[in-house]
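K.L.:
TrEMBL lists these features:
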ACT_SITE  ASP81  active site, proton donor
BINDING   HIS82, HIS179, HIS210  Zn(2+) 1 binding site
BINDING   ASP103, GLU133  Zn(2+) 2 binding site
BINDING   GLY180, GLY211, SER212, SER213, ASN253, ILE254, ASP255, THR256  dihydroxyacetone phosphate binding site
Amino acid sequence: MIVTTKKLFEHAYGKYAIGAYNINNAEQIIGLFKGNIKSQSPFIIQISKGARSYTSKIMLEGLIRSADQMFPEAIFAVHLDHGDEQTCYDCIESGFYSSVMIDASSLSFDENVATTKRVVDAAHAKGIVVEAELGQLGGVEEHVSVSDADAKLTDPDSVKEFVSRTNVDSLAVAIGTSHGAFKFTGSQSLHFDVLAEIQNRVPGFPLVMHGSSSVPQDEVARINAAGGNLQGAKGVDDNQFKRAAQLGVTKINIDTDGRLVWTRVHREYFLEHPENFDLRPIGKVFMEEYANFIAAKNEKLGSAGQLDDVRKFLA
Ligand SMILES: O=C(CO)COP(=O)(O)O
Ligand SMILES: O=C[C@H](O)COP(=O)(O)O
Ligand SMILES: [Zn+2]
Ligand SMILES: [Zn+2]
């Protein structure tokens with residue numbers, strides 16, 4: 001069942017965070033649904049602009065609608081990740097997305113407010129919710145690379161004004177995370193002090209943490225041992241998710257970790273089976289491993305075991 005994040009965030013606020021996972025193809029979608037059913041978690045399926053053009057937005061919509069039929073127990077939101085204004089309107093018009101992100105965080109404060117407000121007005125008219133971003137994460141997103149020097153933590157003083165001027169439903173904040181597999185090149189970590197100040201300014205308002213893959217070191221070691229070269233890859237400690245949730249984070253974005261699972265599974269499999277050229281045996285292994293990864297991540301987020309309660313809450 002496709003829902004907006006409104007009630008999901010209300011249910012989660014202060015207690016746990018909902019996993020927002022990026023998907024690109026059928027194997028990921030099936031693994032994602034299986035993993036969330038296995039851990040009994042509500043979830044958010046995220047589609048980036050890159051994913052929409054990889055196979056095509058039409059095919060992704062078809063796959064997700066099919067998964068919704070195959071797994072009738074599932075409760076999830078369909079969300080556009082890091083949208084520009086035009087893509088947001090396309091998703092709002094589609095009647096498929098229940099949530100969009102307008103990422104105008106590289107613009108000035110006033111332009112970010114104005115752009116976000118236009119998207120919010122269009123989305124709310126159709127019952128769709130909007131996530132915006134204030135501050136700038138480091139790393140690569142949508143092929144735009146933000147250097148650590150340009151990355152800016154969210155200024156807690158500007159959050160209340162941003163939320164009240166835009167009427168946005170949730171806000172991605174920059175508190176030290178970054179996109180990709182190479183986080184924390186310096187001695188950075190999560191700035192819980194900044195997060196606590198933000199929560200103080202907008203109590204009860206749902207916050208979002210991007211760039212939150214944990215880049216497990218055993219995963220990196222296995223990839224490197226099987227011919228990969230990911231030296232120095234590093235991520236966010238997922239034991240910190242519950243603390244972030246207590247401070248108002250209701251959505252945590254994870255993409256890179258899923259890519260690492262895909263890379264490890266495929267590299268190891270073909271190293272061990274050099275004679276194999278069938279895509280199905282390895283596809284099966286990937287779907288299983290991806291489902292296990294999702295279920296384990298949901299334990300860290302605290303969303304595991306919440307599905308029945310969420311269903312009652314929505315009723
Ligand atoms: O924020 C993300 C998607 O919007 C994903 O972040 P990671 O690169 O840490 O997985
Ligand atoms: O934040 C970016 C997400 O990880 C999506 O990445 P992508 O644009 O390569 O699909
Ligand atoms: Zn951004
Ligand atoms: Zn992101």
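Glycine too: its Cβ is placed from the backbone N, Cα and C atoms.
What does the local environment look like for each feature on the list?
P.N.:
ASP81 (active site, proton donor): 26 other CB atoms within 10 A of its CB, across all protein chains.
The local packing around ASP103 (Zn(2+) 2 binding site), expressed as other Cβ atoms within 10 Å of its Cβ over all shown chains, amounts to 29.
Within the same chain, the residues at least 6 positions away from ASP255 (dihydroxyacetone phosphate binding site) whose Cβ sits under 8 Å from its Cβ are TYR21, ASN22, GLN46, SER48, HIS179, SER213, listed in sequence order.
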K.L.:
So among ASP103, GLU133, ASN253, ILE254, THR256, all listed as binding-site residues, which is physically nearest to HIS82 (Zn(2+) 1 binding site)? Use the C-alpha atoms.
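P.N.:
Closest recorded candidate to HIS82 (Zn(2+) 1 binding site) by Cα: ASP103.
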K.L.:
Taking each of ASP103, GLU133, HIS210 in turn, which of these binding-site residues have a Cα lying within 10 angstroms of the Cα of ASN253 (dihydroxyacetone phosphate binding site)?
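P.N.:
Among ASP103, GLU133, HIS210, the ones whose Cα sits within 10 Å of that of ASN253 (dihydroxyacetone phosphate binding site) are HIS210.
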K.L.:
State the three-class DSSP label for ASP81 (active site, proton donor), counting H, G and I as helix, E and B as strand, and everything else as coil.
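P.N.:
The residue in question, ASP81 (active site, proton donor), is strand (DSSP, three-state).
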K.L.:
For the recorded dihydroxyacetone phosphate site, whose residues are GLY180, GLY211, SER212, SER213, ASN253, ILE254, ASP255, THR256, find every other residue on that chain with a C-beta no more than 8 angstroms from the centre of their C-beta atoms, and list them by sequence position.
P.N.:
THR177, HIS179, HIS210, GLY235, VAL236, ASP257
